[in-house]
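Quick look at what TrEMBL lists:
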- CYS209: active site, nucleophile (ACT_SITE)
- GLY11, ALA12, GLY13, TYR14, VAL15, GLY16, ASP36, ARG41, GLU98, CYS209, PHE210, GLN211, LYS212, ARG279: NAD(+) binding site (BINDING)
- 94-98, 153-157, ARG193, 200-206, 271-272, ARG375: substrate binding site (BINDING)
- 265-380: domain 'UDP-glucose/GDP-mannose dehydrogenase C-terminal' (DOMAIN)
Amino acid sequence: MVQIKRICCIGAGYVGGPTCSVIASMCPEVTVTVVDVNESRIKAWNSDTLPIYEPGLNEVVLSCRGKNLFFSTDIDSAIKEADLVFISVLSNPEFLAEGTAVKDLKEPDRVLIGGDETPEGQKAIQALCEVYEHWVPKSRIITTNTWSSELSKLAANAFLAQRISSINSISALCESTGADVEEVARAIGMDQRIGSKFLKASVGFGGSCFQKDVLNLVYLCEALNLPEVASYWQQVIDMNEYQRRRFACRIIDCLFNTVTGKKIALLGFSFKKDTGDTRESSSIYISKYLMDEGAKLHIYDPKVLKEQIMQDLSQPSISGDNSHRGLVTVTTDPYEACKSAHALVICTEWDMFKDLDYEKIYHQMLKPAFIFDGRRVLDHLHPHLQNLGFQIETIGKKVMTRLPFTPSGGVPRITLNEPPNKKPKA
């Protein structure tokens, strides 16, 4: 039996960094080296400011860095000295949720390990099992062949994304009928066959995994001549895109059918709270749709750096021919973002947004002052906000009758009937 004393992880990103940091923390007798070709990223892992934000991660890294946890760009040496090599944990699919990754690693629902059905493959599986058995009960460690392992990862994320798209589709129906999607979600979630997880309507799912894994599933089905199955899973992505466009159209509609030249405060840019990750964030696409209409965006996020926001909004698929230049301002103060704004748009469910001084914000905004809550974080404040004078629009619920207005005759360039500008390709 191989005794694992040295582990090398290739890839110091959102998966490799936290995963191997926790392994080092839980296995003090094992030396863990995380390597990457990106020198600045490795330098950040070795500094006081880690390259990613994740609750509890800083404490884990500080407790073992320099002892049995190392970050390096010397890939060759780390591989030669290792008893076991992770390649971004591909042979061991991760089921981490950003924002709770450290907890998920320390207290996993399950650990899935796949390998070849050969003596060598089974030997490798057993060696990795023994690493996890330092803190994970054997009953939660599942071993499979490689195909089952990889397909389980894709299917898990596809099922979660499907639930979000399903409840988002119901949110559109709720807004048209007068139902409240939160009440509907609570009612169906109490059915033990369904459960309450991932039934939170919003502006759509984001992050690096859901869209990527669903599209990988679509591609796999197309490659294996299963077009009906591919079309089924493609609808999960299409519904997510529809929800984003629908929310953007609602903003434009409420602001008297035009946002050209209007200041809009966008609060939250990460794809979910408690992370600084912006990959596939709905905020990016909502920003794009509003900028396409000429809106002037003032963006605030407590964890996402200005450079990251500007980089995301400068991608060719978002900014096109750079016609959006000058339409984006990134602030470090939510009140500054809202000052003299026509509307406040909440795109990320950061807890701090529940505790802002909305009376102060209302007096600083232009009138009529609108709040568009894309995450349902202000539900408990609706009576207070209405008393202040806010016009409130939220996902999956009619809050109040909108202000009457006479259309100017302008027609927004983004419509729900149009397909997305750039449909994701498998």
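Keep in mind that glycine also has a Cβ here, set from the backbone N, Cα and C atoms.
All annotation found in TrEMBL is predicted automatically rather than curated by experts.
Feature map: TrEMBL annotations on the structure.
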| residue | record | contacts (Cβ under 8 Å, 6+ apart) |
| --- | --- | --- |
| ASP36 | NAD(+) binding site | ILE10, GLY11, ALA12, GLY13, GLY16, ILE42, PHE71, THR73, ILE75 |
| GLU94 | substrate binding site | VAL15, THR19, LYS153 |
| GLU98 | NAD(+) binding site | TYR14, GLU54, GLY207, PHE271, LYS272, ASP274, THR275, ASP277 |
| LEU154 | substrate binding site | ASP213, VAL214, ASN216, LEU217, LEU220 |
| GLY204 | substrate binding site | ILE164, ASN168, ASN240, GLU241, GLN243, ARG244, PHE247, SER282, TYR285 |
| CYS209 | active site, nucleophile | ASN157 |
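By a simple count of nearby Cβ atoms, those within 10 Å, the most crowded of the binding-site residues VAL15, ALA97, ALA201 is ALA201. Sparsest Cβ environment among the binding-site residues PHE210, PHE271 (other Cβ atoms counted within 10 Å): PHE210. Listed in sequence order, GLU280 are the same-chain residues six or more apart from LYS212 (NAD(+) binding site) with CB atoms under 8 A from its CB.
For the domain 'UDP-glucose/GDP-mannose dehydrogenase C-terminal' (265-380), the model's pLDDT averages out at 95. Note: the Cα of ALA97 (substrate binding site) and the Cα of PHE210 (NAD(+) binding site) are spaced 11 Å from each other. Using DSSP to sort the residues of the domain 'UDP-glucose/GDP-mannose dehydrogenase C-terminal' (265-380) gives these counts of helix, strand and coil: 41 helix, 19 strand, 56 coil.
Counting only the Cα atoms, the space from ALA201 (substrate binding site) to PHE210 (NAD(+) binding site) is about 16 angstrom. Put simply, the two farthest-apart Cα atoms among GLY11, ALA12, GLY13, TYR14, VAL15, GLY16, ASP36, ARG41, GLU98, CYS209, PHE210, GLN211, LYS212, ARG279, the recorded binders of NAD(+), are 25 Å from each other. Taking all protein chains in view, 16 other C-beta atoms sit within 10 angstroms of the C-beta of GLY13 (NAD(+) binding site).
Around GLY11 (NAD(+) binding site), a 10 Å sphere centred on its CB holds 21 further CB atoms from the protein chains shown.
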